[in-house]
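According to TrEMBL:
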- 258-351: domain 'Transglutaminase-like' (DOMAIN)
- C266: active site (ACT_SITE)
- H325: active site (ACT_SITE)
- D348: active site (ACT_SITE)
- N388, D390, E440, E445: Ca(2+) binding site (BINDING)
Amino acid sequence: VFPETSLKVTGIDFLKSQNTRQHHTDGYNIKNLVVRRGQPFQVQVSLSRELRPADKLSLRFGIGENPKKNRGSLLSLKPEREDFNGWKISLVKKNGKECLLSVTSSPNAPVGKYNLHVKTDSNIYKPENGVIYLLFNPWCEDDVVYMANEAQKNEYVLNDTGYIYVGSAYSIYDRPWNFGQFEEFILDACMYLLDKSNLSLNDRREPANVSRAMSALVNANDDNGVLLGNWSGNYISGTSPMDWIGSVSILQNYYKTKKPVRYGQCWVFAGVLNTVMRCLGVPSRCVSTFDAAHDTEENLRVDVYLNERGEKLNSLSFDSVWNFHVWNDVWMKRTDLPNGFDGWQAIDSTPQEQSQGRFQCGPCPVKAVREGDVYLPYDSKFVYAEVNADRVYWVVKKVNGKDKYFKVGTETQAIGKNISTKAVGQNRREDITREYKYPEGSKEERMSMERAYSFIRPSGLMPRSGYASTIQTLGGNTQPLVPKEPITKTGLQLEITNTEALHPGNPLEMAIIVKISAPGNWTVDLIGSCQLQYYTGKVQANLGTIKETISLEGTSEMQIPLKIAPDAYMKTLSSVEDEVLILVTAIAEVKETNDKLTKETSMRFEYPPITIQMPETAKLYNDFTCAFIFKNKLNVTLENCKLLVEGLGIFKMTTFEQGDIMPGRIMKSEIICTPTRLGEKKIVAKLISNQIKGISAEKAITITE
């Protein structure tokens, strides 16, 4: 009798094209096999001889530095045996020395990189590129990130481009952003972040833990994470936050250097976190809230201080109202919470406040914000305040040499407006305010607010400047539970609008409209001011004020013009590194009744467009030309112009230095493009100069075989 020849593996085929198509991972630009948990994939094993019933064959999947069976980090799977930690493997077919195996991972397996070895008898085979990437699976009903709707998965998991909404509630603007979750090294960068998070193997099963860890790691604040935040206006030692058009170069740079990339502001943090979550397989969207409160004391109130000319003062405010703030929603079942809080969860990687000792925020159930259940993890009080705080206006006057504060208005419906995200499958804005809030004034809103107020105890109404926040008014919570918009005796209303397009280099022509609805003769004192401010609410320059006394009779209105000459603002506009907004504040007081009202509106400058010219379709690997054309229709020279362009699957991020573009001049740049991927692809362009911080454009092209 001859001694039995021992069984050896001679090769393994990961059947990459078939597996990745079925797992919706064929987009990843990586040599290795990428699959999603809870769904079968196949591998073809080649053996030194035919497989016999007595042979021992097992696939061993190890995760982490030192995989051990007893820790659950080493899985040893034998065909047709009972499952192991929810994983199973079966023999699909035997054909001579080939055998086709099907592997199904557990739908709650830890996500990450698994090393595959094949053990036969006493031999161990270690294949080349034997590392398999395992991701969350929104296509698997047993995965907590399961999303039933196909169009939603195409948008929130697979779309690698999109928009982030910025500007102000008065003028919302879509900023194209390339998420690029499938580009080279992006998946590896996300795996590096997972390892860096020090999440336990068990924590890696739960998208709630993973998304919380990622919200901490996308900012550099306590862990040498991806992006360093900077709102100082000085970006000389890095890239200005306005100069990014996508996440790809940021994550690639971070993965290469392992050092934080400079610099980010909220939309950059949200864009990068969106890339990371989509890359790991968690459905994710960027969410912009206009007039978002940054309420540092959790008292659901933000105080705004004005001087006697009606100009906003920076120095006194601890809190701020941001013109917009961007965070992310991720989709999952919350197994750690009572029923009813599944679905979208808010996470935020902009470093604003510490949570459990780190700059991280969320996941906070969007339904908890809507229902007022602000005791639920994580950080629901902070998120609730961002969209529900009241804004209280105070005028600071000197009385006998001392500062005295006079309340000139409370706005209860001004915070958390136009909550926006990109619509599913369409290039338009979808308003999702109703997912975060009940309609203002509805019975549900009242109940939700009473609930929230029972967990957050707002202090009485006192100005919070200096030490004022330590003075408690008697009786604790003196604020009415559901404050209504102040109804004045005269029905006084204010509106602020622009009467001409707000082009840099032109006079800014705006108007304040004063309305009264009560019969009688009324005298109204009106103060109006115009300032330039950052999106964080920080004032950069005072441009001018008006002070008028007007007479109104009965139900009537009057329009008061407010005009700012170009000289008053162009110098500031050219010297700041950030996009600034035009802030107009108005304070009206009816002499006869003492009715007071304050209103503010922020407006964006308007710019001429960039045009992108290229064919509608192109063939894979066939060159085509793409032209970017810009005509300076403004009355000012645009200095130090830079054109940034990127097309995922077409060309890498490229910068053209354009020098100065005089009024009336036309700039034209061309790039030769070679498409490397099929399907609809987008080209994004952005023009930046001293005077203008970002004119964006994009155009789609379909790549065919």
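Every residue, even glycine, has its Cβ placed from backbone N, Cα and C.
A TrEMBL annotation is a machine prediction, not a hand-curated record.
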**Asked** Could you give the number of helix, strand and coil residues in the domain 'Transglutaminase-like' (258-351) as assigned by DSSP?
**Response** 15 helix, 40 strand, 39 coil
**Request:** Could you round the CA separation between E440 (Ca(2+) binding site) and C266 (active site) to a whole angstrom and send it over?
**Result:** 27
**Asked** Taking only the active-site residues C266, H325, D348, which one has a CA atom nearest to the CA atom of N388 (Ca(2+) binding site)?
**Response** H325
**Prompt:** At the Cα level, what's the spacing in Å between C266 (active site) and D348 (active site), rounded?
**Reply:** 9
**Asked** By CA distance, which of the recorded positions (D348, D390, E445) lies nearest to H325 (active site)?
**Response** D348
**Request:** Take the C-alpha atoms of D348 (active site) and D390 (Ca(2+) binding site) and report the distance between them in angstrom, rounded.
**Result:** 22
**Fill in**
Least crowded of the recorded positions D348, D390, E440, E445, counting other Cβ atoms within 10 Å of each Cβ, is E440
**For N388 (Ca(2+) binding site), the number of other Cβ atoms found within 10 Å of its own Cβ** = 24
